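First comes the structure, then the notes that go with it.
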Ligand code: AMP
Ligand code: ZN
């Protein structure tokens, strides 16, 4: 299967990584919709939240643990940020590898 986010995770396509652990990676969105726009992406390929099972609890939990860490690192933890997950094409999911957007407007 040719998945753009799997390719990024495997280093076959470049991305600007800001975090990596055993469950998730975080990299900058290529078309940022806010001054801070990164994607929190599980290393395991799951098409969307619809593919998540209880076996993935650690992965999904880690996405939420990492979000405030990255928000702090990128300077939006106190000013505020949004976490957004599109599920399915009808909701605007374009990349069929589950991911969470972290969007914030860092004051500069
Ligand atoms: P979604 O619409 O929720 O599927 O979001 C997919 C996101 O992935 C969009 O915001 C795209 O800008 C972003 N994106 C697509 N290709 C890349 C890439 N090669 N590197 C970084 N972000 C990407
Ligand atoms: Zn994938």
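Glycine is treated like the rest: Cβ placed from N, Cα and C.
Annotations in TrEMBL come from automatic prediction, not curation.
Taken from TrEMBL as is:
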type	residues	note
ACT_SITE	99	active site, tele-AMP-histidine intermediate
DOMAIN	4-108	domain 'HIT'
MOTIF	97-101	motif 'Histidine triad motif'
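Here the domain 'HIT' (4-108) is broken down by DSSP into helix, strand and coil counts: 32 helix, 25 strand, 48 coil. Confidence over the domain 'HIT' (4-108), given as mean pLDDT on the 0 to 100 scale, stands at 96.
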